[in-house]
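Feature list (source: TrEMBL):
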type: DOMAIN; residues: 19-120; note: domain 'Ig-like'
type: DOMAIN; residues: 127-225; note: domain 'Ig-like'
type: DOMAIN; residues: 234-318; note: domain 'Ig-like'
type: DOMAIN; residues: 332-426; note: domain 'Ig-like'
type: DOMAIN; residues: 434-527; note: domain 'Ig-like'
type: DOMAIN; residues: 533-620; note: domain 'Ig-like'
type: DOMAIN; residues: 632-732; note: domain 'Fibronectin type-III'
type: DOMAIN; residues: 732-908; note: domain 'MAM'
type: REGION; residues: 757-779; note: region 'Disordered'
type: COMPBIAS; residues: 757-772; note: compositional bias 'Polar residues'
Amino acid sequence: SVSVSTLLLPVSPHHRGAPANAQIVHSGAACNVKDDNISERIYTIKEGDTLVLQCIVKGHPRPQVRWTKTAGSASDKFQETSIYNETLRIEGIQRVQGGRYYCKADNGVGVAAIKSIRVDVQYLDTPVLTVHQTISDVRGSYYQEKTVFLRCTVNSNPPARFIWKRGNVLIEQSKDNGVDIYEPLYTQGETKVLKLKNLRPKDFADYTCQVSVRNVCNIEDKSITFRLTNATSPPMIRLSVNDTVVVDPGQDVLLTCEVTAGFPQPNVTWTRYPGPLPLSALVRESTLILRAVTPADAGFYNCTAVNNVGNPARKNVNLVVRSNNLTFQITPDSNKDSETIQMGRDLKLSCHVDATPQEKVNYTWYKNGAPVYNSETLILLRSDPDMAPGTSSLEIVDMKFRDLATYSCVANFPGSRVPELRVDVNISQSSVSPPVLSVPPGGQIVSVREGGNVELVCLVADGKPRPPILWSRIEKDLLMPSGRPIVETPDGRLRLRNVSRDMMGAYRCQTAPYNGLNIKRREAQVQLNVQYPPILDPVFQDVRSRNYQMVTLRCTVLRSNPPRLTDIRWFRNGDFIRMPMPDLKEVPELKFKLEPTNNGSYECRVSNSAGTSTCTFNVTAQPYNAEFYFDTPNPVRILKGNNYSYTLQWTQRDPEATDRIIGYWVNVRKNKQNLLSKQIDLKGKEPEKGVLMSHTISDLRIPLSYEVRLAPITTYSTGDYVSRIIQYSEHHVCGFEDERICGFSQDRSDVFDWTRQNHLTQNPKRSANTGPETDRSGTKEGYYMYIEASRPRVKGDKARLLSPLFNVSSNRGPKGSGRVPYCVSFYYHMKGKHIGTLNVLLRVRSIASVDSVIWTKSGHQGPDWKKAFFDISPSGPFQIVFEGIRGPSFEGDIAIDDVSITIGKCKQENTVANAGKTGKIECDIFLCVERSINNQRNTKKHLLFCPSHLCLCWLIQRNRNEAGNMILGGL
């Protein structure tokens, strides 16, 4: 049976909504956590490890937690948006992610709580060793001094310590006059230079630069070795092509970078500027191959040879890919502001090819098919200074009737496979006239529904030759829907697909300055009007009210195009509400008296010619949910029997919003079966906002967990149930719910650490086929400890979790023994095809600590939590060590929960043998009571001494059925 007692706490400040309080704790792979001089916590972690910061919050209602970060460097961006979660987890943390992290907890009561912690990411890169030589004359030509500088550079945090070795011998400047060791100025990173003065024969040797951060975060030392010989020399290279290579589109390009000198053998790499190498690029040793090049492949290609001696050798190739876009212009006499061809005035014809390089293009002019040569009336310009670079022009001076003809511009590319390009321009008084740009009637404003297709039209109604039309947005800095600032259309028709409202606005169409007369541009405007259904507020609203009170629902139209509304209709639970036609110019509004019969879902459907939008209101007199108190204490054990009680605490959200709350339904369930369903009568005392209410649930069985459901009751209705899981725990049972993990600690001599986690803090990208979904009790909030088998873990990596030290030196065991027995019990979860091994070790402290395996399991053990327990009789102070060993791959997470270490032997009702236990198993004889169909009898279970891994238990049961037969049962 389960009983409930009720207590409505008095109104007092500390029982009202409590402001948020926050504390940052860690449970990841921290190297060290300390306080600096300004009392800020510093979290030191190794690069590549997992950062886990948890914001432990208190307060009621439960605070919302937000993590933010200030940059650790100018280039650092942690997140575009904040992270809303109590636990911040960063897998494989990088150095740029160091910095100050802030946890902000806010629940709307008082001032938000803010805590910060500085994360210091420790790392040590492999050093880079380069060699530089100088040769200088000394005392004329008597002899030469050859000096070598070995420069060692590394990036690290904290600063690295450098050690130089010649062979395996440490180089000490004080003991060798032929060397100097110093730190140069103005260098990037940390650098040490070893100077070898006037090389001696013994200086030709292997030199090692070893860097160390003194094993901080278990970062091992790193080193690099260089062999100095009398053949050591910097790299030299030469290219198989000239500095500039001009090719045709579709042609293959072969660039070879030949190493002509350098020892050790230089390493050759190819890069490109701007941008990376083309996807089609193929690098074979020192040769770069580009297949079927396009104009997009043009650029500077760089060959670099490096052997860490002297400076790298570099050579550049400018790859030019020809283009074939030919345009022309007809320019009337610019000095007279003319826009037509007139006799007696000058005329210029221009021809331009978008080619690279321009100097590789040859232009030839023809008049009626005959070549044109310079004369007093016809002037050829190879590169017209008044035009775009590379433009060729033909000027006709003081135009006469003899100059009316067909002129041709021919562009060719010597040494190229690109065919010549030609344009013909007929010059006569009737063949050349200024363009007239117009928008068709009704086309100045074009309307289209959002998501549809549309065509904007600007036509050249007159003019010869007809130029193309260029489209752009009139609004400053707005791009065309294609993402470009200008779009060319040959026929003046701009086609837009899947139109959105951000495309709405004014568009400019204008004549292009090429392929026609080069005169003042003609332009016009077209307004694009994108129609869309009304945008309403609110989209959804939960409305609570007392019965028999007036309720007003408003659906505000924020924007609409067209703005004129065509219809407003109200619905309740899908049925149309008949009412006078509302004024379409007013805010849609519905007023009614709320009654038990008209609770439900209300919709306001607002339409224009583009479509219909809806405001939805959930209108009810049902009370809001209760809110469980965030800091509810642990269950309290009742001394009599094997029972415990639980104090359930909560507040009522907005109790005055609906009818008076007269009580609560409380349900206690186990395995979804109701054990108790009872109404709690508040006896006329109404709940107050922020005031705690309390109910004590008793007669709960140890160690079972229960689901408790709670719902408020009014005169007319019952609110929705909220539920929570309650579970009994004693001080010696560690469920890892506290960040201090009950005094357990990580073993610093292992490879990696156990991680504290619950369902809410799990990485959403975690391996799906391994590890538990929840803790042993099945709650999302409950914590457990587990080992993460994903990278960077490898097979055989070990993680050890140490229990607190138990001092048993002064205790004595039962009569006849000299040792005190202890019962060790825990739950384990070993799901996954790559599960390694879970060992439990007994570490007895003496002159030298001794570890012995007392329990072990390996391999997949199924998807459920399983319980293990056994007795130990240590000879002195001891610790229990949980050792997780990573299996062959990443689906090998192992977890433990609810660890108990208690004095005395394990209860015999739980002595089903543990297959992982080693040695003999001792079974006792005990009495049990079983209920038969007809009566109740005492039954003896005889438990025998058995070999390892198996304990046979024979149940001899003496019971008579109606036929008087004897029954022999067995297990």
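The backbone N, Cα and C atoms fix where each Cβ goes, glycine too.
Annotation: stretch 632-732 has the most Cβ pairs under 8 Å to the domain 'Ig-like' (533-620), among 127-225, 234-318, 434-527, 632-732. Of the candidate ranges 127-225, 434-527, 632-732, 127-225 contributes the most Cβ pairs within a distance under 8 Å of the domain 'Ig-like' (234-318).
The list of residues near the compositional bias 'Polar residues' (757-772) in space but at least 6 beyond its ends in sequence, with Cβ under 8 angstroms from a Cβ of it, reads 27, 52, 54, 85-87, 89, 91, 779-786, 789-790, 829, 831-835, 865, 890-893, 895. Residues belonging to the domain 'Ig-like' (434-527) score a mean pLDDT of 90 in the model.
DSSP places the residues of the domain 'Ig-like' (127-225) in helix, strand and coil in these numbers: 9 helix, 55 strand, 35 coil. Helix, strand and coil content of the compositional bias 'Polar residues' (757-772), in residues and according to DSSP, is 3 helix, 1 strand, 12 coil.
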